[in-house]
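Per TrEMBL, the features are:
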DOMAIN    78-180  domain 'Fe2OG dioxygenase'
BINDING   His98, Asp100, His161  Fe cation binding site
BINDING   Arg171  2-oxoglutarate binding site
Amino acid sequence: MLVHIPEVLSQDEVQHCRAVMARADWVDGRITAGHQSAQVKRNLQLPEHTPEARELSELVLRALSRHPLFMSAVLPKTIFPPLFNRYDADGEMNFGAHVDNAVRTIPGTAIRVRTDVSSTLFLSSPDEYDGGELVVEDTYGSHAVKLPAGDMVVYPGTSLHHVTKVTRGSRIASFFWTQSMIGDVTRRAMMFDLDMSIIRLNGDHPEHPSVVSLTSLYHNLLRQWAEV
Ligand code: NI
């Protein structure tokens with residue numbers, strides 16, 4: 001289940017992120033890669049302990065917490081602090097096929113995050129670069145994703161994915177992982193469908209008694225399945 005989450009950041013927030021990143025030092029992206037992915041990863045990252053990375057990471061976390069579509073699609077339990085990467089045409093940067101590490105420890109803590117959901121938040125506008133598509137494989141085939149700056153895609157952490165070579169300009173993005181209250185991808189997708197259906201029904205027929213019964217069903221299913 002790929003979900004496009006529009007307008008996670010406002011254009012002002014995107015510009016702020018870009019300005020902070022323009023004066024930051026970037027390092028080889030292999031610092032956070034596992035053994036297999038290090039062999040296919042060619043990009044740059046902001047070192048996560050720097051003041052710039054921390055400020056921007058918190059900005060993204062605040063934006064996520066106020067976004068109802070992210071909350072509904074992901075049902076977050078623990079969010080790994082967002083990281084930032086860059087792929088330059090100068091350097092022919094790309095990231096070959098890989099699956100993200102299953103479990104990550106939040107630096108400086110003992111908190112472990114099972115990476116149920118992967119997220120990419122685009123910070124460059126599509127007309128600033130060529131290539132750089134995020135390609136995600138699922139049971140229905142492969143999906144190439146390139147979104148407006150400020151928009152995000154979420155997809156199951158189990159998916160094989162890659163980023164195609166950037167052939168013009170630079171592609172800047174934030175990426176992170178979330179442990180969901182519902183680890184099972186099928187259950188999580190059904191909860192999202194149910195929530196979206198309730199919202200549609202409530203919009204079309206706000207007085208309909210099924211709004212209450214389906215909302216109860218949603219919460220009772222969540223109570224059955226949630227790890228909190
Ligand atoms: Ni990845």
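The backbone N, Cα and C atoms fix where each Cβ goes, and this holds for glycine too.
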For the binding-site residues listed here (His98, His161, Arg171), tell me which residue's CB has the most neighbouring CB atoms inside 10 Å. Arg171
What is the set of residues, excluding His98, Asp100, His161, whose C-beta falls within 8 angstroms of the centroid of the C-beta atoms at the Fe cation site? Ser37, Phe95, Ala97, Val99, Ser118, Ser159, Leu160, His162
Between His161 (Fe cation binding site) and the residue listed as '2-oxoglutarate binding site', how many Å separate their Cα atoms? 17
Quick check for the class: what is the C-alpha distance, in angstrom and rounded, between His98 (Fe cation binding site) and Arg171 (2-oxoglutarate binding site)? 19
Can you tell me the CA-to-CA distance separating Asp100 (Fe cation binding site) and the residue listed as '2-oxoglutarate binding site', as a whole number of Å? 20
For the domain 'Fe2OG dioxygenase' (78-180), what's the mean pLDDT in this predicted model? 96
